[in-house]
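As annotated by TrEMBL, active site, proton donor applies to 102. Per TrEMBL, substrate binding site is recorded for 66, 90, 344. If you look up TrEMBL, you'll see 185, 216 marked as NAD(+) binding site. What TrEMBL lists as site 'Important for catalysis' is 142.
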């Protein structure tokens with residue numbers, strides 16, 4: 001089942017639990033706007049090349065649409081549609097005044113020079129500048145993009161609309177980016193994990209963690225879990241997978257990754273098959289890479305008691321059912337990885353006010369939002385007698401549905 005089908009299925013289950021009117025249910029699923037543009041640029045050798053860029057704006061009942069822009073050769077409109085919809089529910093679960101969007105360009109950023117990437121980003125911004133806006137749709141970085149990409153979008157957008165730092169989040173600090181934004185998703189994963197474990201009478205200290213994916217989210221989660229006394233026993237990235245049953249030395253691993261561009265070859269660890277990372281013995285599994293990695297084929301072999309979904313849509317619905325029957329507690333992506341968009345909201349607020357916060361305030365506010373979010377999800381679980389995934393979906397869908405009705409938008 002692809003990401004869009006799985007997301008639609010979860011939405012429909014939540015809509016049934018909430019007893020939504022069929023017309024309202026249908027209107028909540030249909031994207032607000034789908035944008036597709038051709039981006040032609042001169043390459044460094046003088047030849048012209050064209051790429052397809054797009055932006056899917058899903059819902060704006062609760063505020064400006066929000067979501068990343070990804071640069072990837074296999075940008076799939078179905079997947080981006082699913083991710084735009086997930087952003088709608090995620091921002092509602094986090095209770096921040098945003099809707100959902102997602103976008104990208106079908107390109108391989110590794111095969112483009114910095115100057116080619118800059119030209120491509122500026123052309124894309126020229127094509128969509130009148131469809132995004134500080135109070136309309138606020139992009140952010142995603143796979144294949146970074147703070148520099150956001151700086152180019154900010155500059156190009158400002159040529160048309162005047163200096164507008166709030167048009168994107170995840171910017172460089174020097175251009176109005178927020179302190180704490182780089183670590184925000186990983187820190188949110190730690191706070192969400194703490195909330196779940198505290199609810200179970202446990203703490204992070206002494207728990208054994210396996211983290212699949214050691215990019216921005218996975219590496220920050222590992223660092224912060226290590227500092228909180230958790231034991232990270234195995235990690236993986238695109239270069240390979242490593243394990244140490246006594247716990248990996250995370251500060252040394254972070255240095256190794258910086259120097260060698262991956263976890264492979266790290267001393268004080270054994271190399272393992274990347275495909276086995278999800279089924280390693282641990283208390284808590286954190287998938288922090290691609291979607292769809294936990295499927296009916298490997299769900300039976302997962303040994304973790306808890307799964308914290310740091311990636312978007314890492315668990316297929318079939319796997320969900322298998323794991324639930326096994327008694328595995330899954331903290332769903334639309335809550336577990338909401339730290340990034342929450343601190344993006346803080347960045348947007350700081351830009352609009354022209355008043356920047358220190359990092360301690362950012363982190364304290366994030367902890368408050370994540371803590372309240374967990375309480376709200378648990379309340380919905382009690383109300384509808386459902387698991388955490390449906391608790392989060394009913395919470396998000398209900399908030400968007402209420403805003404839609406209050407604005408008089410229901411069909």
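Each Cβ is built from the backbone N, Cα and C atoms, and glycine gets one as well.
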### Query
Taking the centroid of the Cβ atoms of 66, 90, 344 (substrate site), which other same-chain residues have Cβ within 8 Å of it?
67, 87, 91, 94, 96, 98, 100, 140, 338, 340, 341, 342, 345
### Task
Work through the recorded positions one by one (102, 142, 185, 216) and name whichever has its CA nearest to the CA of residue 344 (substrate binding site).
185
## Note on the structure
Neighbours of residue 142 (site 'Important for catalysis') among recorded positions 66, 90, 102, 185, 216 (C-alpha cutoff 10 angstroms), in sequence order, are 102
### Task
List the Cα distance (Å, whole number) between residue 90 (substrate binding site) and residue 185 (NAD(+) binding site).
13
### Summary
The rounded CA-CA distance in Å from residue 185 (NAD(+) binding site) to residue 66 (substrate binding site) is 15
### Summary
Taking only the CA atoms, the spacing between residue 102 (active site, proton donor) and residue 216 (NAD(+) binding site), expressed in whole angstrom, is 19
